[in-house]
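*Asks:* My questions all concern the structure below.
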Amino acid sequence: MKSASSEQSVERIENGHKKKRNRPQKQNRRSKQSSVPIEDAHVEESLDGRDSSRSKAKDSTSSSKQQRPNTDELEAMRASNVAFNSMPPMRAESGYPRRSASPLLSSPEVSKQLLSKSCPDPRACEQSPGMNGELFQQIEGSSQRKIFSSHWSLDAVTEALEKGEAFKALFRVNAHNRNEAYCKIDGVPTDILINGNVCQSRAVEGDTVVIKLDPLSLWPKMKGFVTESAAKPEGTNSPPEKDDKKARQKNGIDVVEGFEDGFSKNKSSVIGKGAKNGVTPSSPPSLDSCLGSFCEQKGNCSAVDKLCGILSSFPHKRPTGQVVAVVEKSLVRDSIVGLLDVKGWIHYKESDPKRCKSPLSLSDDEYVQLMPADPRFPKLIVPFHVLPGSIRARLENLDPNLEAELVAAQIVDWGEGSPFPVAQITHLFGRGSELEPQINAILYQNSVCDSDFSPGSLTSLPRVPWEVPEEEVQRRKDLRDLCVLTIDPSTATDLDDALSVQSLPGGFFRVGVHIADVSYFVLPETALDTEARFRSTSVYLMQRKISMLPPLLSENVGSLSPGADRLAFSILWDLNREGDVIDRWIGRTIIRSCCKLSYDHAQDIIDGKSDVAENGWPALHGSFKWCDVTRSVKQLSEISTTLRQKRFRNGALQLENSKPVFLFDEHGVPYDFVTCSRKGSNFLVEEFMLLANMTAAEVISQAYRASSLLRRHPEPNTRKLKEFEGFCSKHGMDLDISSSGQLQDSLEKITGNLKDDSVFVDILNNYAIKPMQLASYFCTGNLKDSVAEWGHYALAVPLYTHFTSPLRRYPDIVVHRALAAALEAEELYSKQKQTAIDEGRSCFTGIHFNKDAAESIEGKEALSVAALKHGVPSTEILSDVAAYCNERKLAARKVRDACDKLYTWFVLKQKEIFPCEARVMNLGSRFMTVYISKLGIERRIYYDQIEGLCADWLEATSTLIVDKLYSKRGGRGFFKPMKEAVYLVSPCEVCVAKCSALSVHDTESPEAVSIDEVAPAVFPLTIQLFSTIPVVLHAVGGDDGPLDIGARLYMSSYY
């Protein structure tokens, strides 16, 4: 049930915009679109029953003539309606079948001329003509144009990749501004900016693309760039010129990929300045000349090495490029969730009496727009002739409530002459302001299978009541007389790990971790194994769980329920008082848990609270008494503390913030949230799970060098880590980033000095998390020549895997099979060599690995036979399993994060407003970024172009003064109402509210508490970095747009 920590994906979030020029029309010409085949990965058949059929669309040349917008309106149409922080991106799930696209729009051939601005105000994109009738009127009269260039052919792509003239990359879009996208090239530490809709060339979030880099002279300066001198403490004598020279002399940067388990929900922001903005009168050399010069110095090298050398020589430059081909379309194209722009279409129809009839007669040449909930996706065109009958009928009857219905669509075509992709509706969920439709949409969008288990997968399950077969009793070590207990959340039903401890002579302890032996029930290549591999992981929502395995297995015969005989995989360590492992034993066992403790129960025992056996404590089973349980928990707590201290001394890193926990009523509806942090009992369990995972990784990687499933976490991004170092130095904090251990020690010293400011500690941890990325599963055979890359940076260990949660993670089952094979190989080897059982059984799984035995003819044969029997996969198959499990794990995390946001939104909607304190994390002339510690989230507050508000930014002192204007602004310009940036109350209202709160204080009203806690500020308000200011949170969207959480300044004024 536990993992080491929670994974954190830190995205680059960067803004951009586009400026266009009209071109002369070129009539009666159609382009020949070069297509690039999609690279199909090995996939499994979808079990979610999603309809993959596609309505065939007729040629829509006439429709294109009437409805294609001209380029003057593209800027507004490209941006999403509402900008909000989306979840971490997920690579396309390879476990779902692809759907072929059918062309719906023609693509006339016209030249492209659309250039991008650099980082416009995202709020300018919040409302576009697509939300009213103007867009439809403009589309009607637009002419056919070729907006995008044709994609390169497959031969051209292959040739360019071989010559190093183009690069294959993963396409990611900025959630704050869709005009900015970033491409990750494997082996390159800096992402490539793809600035503008034309340069993105119809690529969609998650696509695998081929990009061509712009000349070096067009690369803009990287905002937020920190030189080495800036990262040094004040008082150093090294001048900036020397530091810059050192930076240019570097020829490579370490590549980083991931972070095991972070806790921040926030994302970093590195904003580029647009392709044209980096040009100076003395431009740097061209990219080609730099590549040639670098190769002359270094000899033969790959295109990636050349690019890394250039980036190292020009660390202040942001590389830019353009997409020339989409080689693998993201499967998220098939599950885009959003709302139909019904009101805009109705307004368009009503603007012309000839079109306004009731009921309307809908033409197949017309369409309605779909506004995606995720701002990383473009608006979609849904032609009427592919609309479901129910939606079409409601449109004909001008049903305005249709706009509140949450729908899913799939992209079927995006021609060179269309500003938007063409889509068709695949699912209707319900009203966007209700919980259940939103949850179903989240699951659908992340391709989480919530259907019943197939009948075939259930046939291999044992019948209940189930007892341990006699042959298993004979084969396994019987530990039913051992005091074994479980510690889990109070609501847990899938108990897959248990603990035990025994005191040994000489001050030693024998600690046991016992994991449910799921591989006994889930055999390789069975229907149950196929379904478990397809689901890959259990998905935990707030009030329910979507299991990877059928409940009969995960909650009954496989779960380590108290008082029941259960099959387990056990690891027993003999430890001294310093936490050193003296000896170990690994094997398959039979256990019987004596009790199921919650984390709170275990914490009460650790804290020494009396009468632990009373007041609703769990029942005891077997011959054990509560004194046995309390002694075991206390001993385990002491040992885990020793192990934890030793792990951090060895360089482990721990970044953790508190997070809100939701309170639900009897109907399962959230009504409030409270802050919760982990207890000592959580760390107790975590420490032994980490030790078990590290032990399993060591055993299987030694026994099966080319076919072990491990989990790696490379070092963090060097540039971002240096930015964090510079940030700390600027604010008088010494940070050592030379290793994970030094980073941990530095953070502990800094936070020790800030122990009275827990909010700033949270902010510091957020900054520290941003250079980190996701850890990932991998097959050792893929990195057999790069063993140094197997390590785990955050845990500071050379080998790590997942072994302890086989009821909810498929990789753990794979690891169990490899471990079972290693045990079987030991038995086979001992029989062949006719050695003593104790000696033979320790050769592959003992504390000392017998390399000579493993490399002998008998050893190789034993390992091979055991691998075949237990289903240890080959390198090729295991690589596919690792990649797919990475995708599914990330999808499950995205579901969890989206549900957290959904429940927060729902509680705020009920409260209407939520006053709270916020800490300013970022400050400028247009907006500030604030951190709300109660929710653990960051939000932006924009204050420029607000009617009645004056925001003076003092650059010299980095100070913002916000004041109220008592007269209207002169001149022309668009200004938004004050209520969008400020929640303004009268001092009289505050006094009345406080009096009311005091009068009902005995009722413990939540409203009374919130009003009592935070008081509004008054004008003028002076704000600096890290200032604490009052804000009001509120729910945004639902029936009328994507869900978001808005923040405004909380101010008081008589006027």
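In case you wondered, yes, glycine gets a Cβ from its N, Cα and C as well.
Below, the features straight out of Swiss-Prot:
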{"type": "BINDING", "residues": "D488, D497", "note": "Mg(2+) binding site"}
{"type": "COMPBIAS", "residues": "17-32", "note": "compositional bias 'Basic residues'"}
{"type": "COMPBIAS", "residues": "39-59", "note": "compositional bias 'Basic and acidic residues'"}
{"type": "COMPBIAS", "residues": "97-108", "note": "compositional bias 'Low complexity'"}
{"type": "DOMAIN", "residues": "367-446", "note": "domain 'CSD2'"}
{"type": "DOMAIN", "residues": "476-824", "note": "domain 'RNB'"}
{"type": "REGION", "residues": "1-109", "note": "region 'Disordered'"}
{"type": "REGION", "residues": "229-249", "note": "region 'Disordered'"}
*Asks:* In the structure shown, which of the binding-site residues D488, D497 has the fewest Cβ neighbours within 10 Å?
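*Replies:* Candidates: the binding-site residues D488, D497. Fewest Cβ atoms within 10 Å: D488.
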*Asks:* Could you count the residues of the domain 'CSD2' (367-446) that DSSP puts in helix, in strand and in coil?
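*Replies:* DSSP composition of the domain 'CSD2' (367-446): 27 helix, 29 strand, 24 coil.
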*Asks:* Averaging the per-residue pLDDT over the domain 'RNB' (476-824), what integer do you get?
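*Replies:* Summing pLDDT over the domain 'RNB' (476-824) and dividing by its length gives 94.
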*Asks:* Name the secondary structure element type, per DSSP in three states, that contains D497 (Mg(2+) binding site).
*Replies:* strand
